[in-house]
Amino acid sequence: MIEMAAEKEPFLVPAPPPPLKDESGGGGGPTVPPHQEAASGELRGGTERGPGRCAPSAGSPAAAVGRESPGAAATSSSGPQAQQHRGGGPQAQSHGEARLSDPPGRAAPPDVGEERRGGGGTELGPPAPPRPRNGYQPHRPPGGGGGKRRNSCNVGGGGGGFKHPAFKRRRRVNSDCDSVLPSNFLLGGNIFDPLNLNSLLDEEVSRTLNAETPKSSPLPAKGRDPVEILIPKDITDPLSLNTCTDEGHVVLASPLKTGRKRHRHRGQHHQQQQAAGGSESHPVPPTAPLTPLLHGEGASQQPRHRGQNRDAPQPYELNTAINCRDEVVSPLPSALQGPSGSLSAPPAASVISAPPSSSSRHRKRRRTSSKSEAGARGGGQGSKEKGRGSWGGRHHHHHPLPAAGFKKQQRKFQYGNYCKYYGYRNPSCEDGRLRVLKPEWFRGRDVLDLGCNVGHLTLSIACKWGPSRMVGLDIDSRLIHSARQNIRHYLSEELRLPPQTLEGDPGAEGEEGTTTVRKRSCFPASLTASRGPIAAPQVPLDGADTSVFPNNVVFVTGNYVLDRDDLVEAQTPEYDVVLCLSLTKWVHLNWGDEGLKRMFRRIYRHLRPGGILVLEPQPWSSYGKRKTLTETIYKNYYRIQLKPEQFSSYLTSPDVGFSSYELVATPHNTSKGFQRPVYLFHKARSPSH
């Protein structure tokens, strides 16, 4: 607009107001373009020189020179006009821009900031340098021009304005450089991957990094651990829920520990002793085993010596590991000190052939056991009936107690009340004694089972052979509680079977028929094994048939051995059949000969005329292993005179009164220690007393 007006005719523009003195250095005034500055200069020039002189137009060369180069205008112009072009007058430019217009090295004019007024206009000199405000002098870059603007905040205190926190001011003022990011990474990574995890994707890089030390996790080798795939035998039943329907073949979800790892060195040591003692000469029949001469437990230990039936649980393994080892090695020190050279040489050879660790361990055991049993083996000669052979007899007057003492954990089972007795006697099959017992002995009879334990055999007889009443007696209340709970398991078995199979023919043929039907059962046996029986507890009902299972079975806690003989005389007949299976040893050890005789006499008086006693005695060779359970058992063991092989003669003597007896059979068992003969004693129909 101004240029267009200048081309046509000159016109007057009022001069801008002079800048304030306190804002002269701030550069905050209005900015006037160069053509306006030239125009105002011309107006002032015309006013000073007179109205007759014409001002150059905006399009003239002089005006163009004045717009393009203030320095050139200063040379061509004179006086105040040149100062006007250099100083910038009404532009109120900043001090930085004013310095750009001056040549380098030129000093400021002496009339800086001085106002000169003409006749019709106002002339302004170069702007004054900025005045310090609030005690802070802004920093000027040395090279001139605009640099990075610093934060103009108050640090000196006093004065107004916004103030930042002190710690931020100090950090900003004192920091000369920006933060430096890390560049050296020990694992070879970068700022985005400091741990160099991406290198694990490359197997070659991973192998290179881990050549010396595993600085980073290596990649897993492919195919190092092959995946095992188990293919089930029956693809339609991969979990084998319907395959094992027989209770004997049920595999529990959490199987019981067999305890074989505790005795892993015992079998090897027994074999060495047996090989060493095979050349010894003993006045024993050829059919008798050698091991009873060492520890008196040959019947139950022979399978271990020959290495047979390793998987089957062995008897009395639950709490007698220390006693078994002590008694096995106890005769060796006496043999070494004995007068016979033939007895001392073989044990020495066995010690030398054993490994160093095992031999040192057994040597310590020998020293301990020799002190405890030196008196028991030393002295005069003993009889062969004691089961000690030619290893020396025993004095009945002096038997020192074992140095190891009697442990409470062993005392817990001093009556043979093992809670898992049937577990290691019949690990995967039914009780072998059921095959030698005849159903006609029990059908419709009153039966008493002494030492029933958890009642498996008692419940089997009550369920299969239909006795009129079946009473299970045991001295341990915990076993009786378990026996009562087991009734539900047998009821669950009946629920699994079809109704027509419940009434089968007795005997072996009936058992086989029942087994065939059980295999066709579709109920998962694993559910019963893991979750318990599915049958509800039985509620006694009035008028129910007491001869039908489970109403015909009851379990009672009590001690069958009476304290005095006069109590035996008061016993009245109540039962037709009495079962005494694997009980005589525990009665013998806890109550001696007198207690066992009282039990036999009470059984005879408890039977009705024509009744029978089913007896399964333990052999004398199994007594010695249990003699250290308690102090009472230890003393009774050396006082026993009535041996198991004499039971038949005593029961048929006038002291008891049985009329006859017979050997039924010797049931087969995986452990020869449980292969015990079963005898049947008959009570006369017209008793003599």
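Glycine is treated like the rest: Cβ placed from N, Cα and C.
As the structure is a computational prediction, the values presented were derived from the model and not from experiment.
Within the same chain, the residues at least 6 positions away from Gly451 (S-adenosyl-L-methionine binding site) whose Cβ sits under 8 Å from its Cβ are Gly416, Leu473, Asp474, Ile475, Cys580, Leu581, Ser582, Leu583, Trp586, listed in sequence order. Summarising the annotation, Swiss-Prot assigns S-adenosyl-L-methionine binding site to Tyr422, Arg433, Gly451, Cys452, Asn453, Asp474, Ile475, Asn559, Tyr560, Leu581 and lists experimental evidence as the type of evidence.
The compositional bias 'Basic and acidic residues' annotation in Swiss-Prot covers 1-10.
Here Swiss-Prot flags 52-84 (among others) as compositional bias 'Low complexity'.
Swiss-Prot lists 258-269 (among others) with the feature compositional bias 'Basic residues'.
The compositional bias 'Low complexity' annotation in Swiss-Prot covers 338-359 (among others).
Under the heading compositional bias 'Basic residues', Swiss-Prot lists 360-369 (among others).
If you look up Swiss-Prot, you'll see Lys643 marked as SUMO2 cross-link, on the strength of a large-scale study or a structure entry. When secondary structure is read from DSSP and collapsed to three states, Lys643 (SUMO2 cross-link) falls in the coil class. All protein chains considered, the CB of Lys643 (SUMO2 cross-link) has 17 other CB atoms within 10 Å.
Taken from Swiss-Prot, the feature domain 'Bin3-type SAM' covers 431-686, and the record attributes it to sequence analysis.
Residues or ranges marked as N-acetylmethionine by Swiss-Prot: Met1.
The phosphoserine annotation in Swiss-Prot covers Ser57 (among others), and the record cites a large-scale study or a structure entry as its basis.
The phosphoserine annotation in Swiss-Prot covers Ser101 (among others).
Annotated omega-N-methylarginine per Swiss-Prot: Arg117, in sequence order, evidence recorded as similarity to another entry.
The feature phosphoserine is assigned by Swiss-Prot to Ser152 (among others), with experimental evidence given as support.
For the recorded site, Ser179 (phosphoserine), the DSSP three-state label reads coil. According to Swiss-Prot, the feature phosphoserine maps to Ser179 (among others), an assignment based on a large-scale study or a structure entry.
What Swiss-Prot records for Ser216 (among others) is phosphoserine.
Taken from Swiss-Prot, the feature phosphoserine applies to Ser217 (among others), supported by a large-scale study or a structure entry.
In the structure shown, the C-beta of Asn453 has more C-beta neighbours within 10 angstroms than that of any other entry among the recorded positions Ser179, Asn453.
When the alpha carbons of Ser179 (phosphoserine) and Asn453 (S-adenosyl-L-methionine binding site) are compared, the span between them is 83 angstrom. In sequence order, Leu450, Leu473, Ile475, Met599, Arg602 are the residues near Tyr560 (S-adenosyl-L-methionine binding site), counting only same-chain partners six or more apart with C-beta under 8 A.
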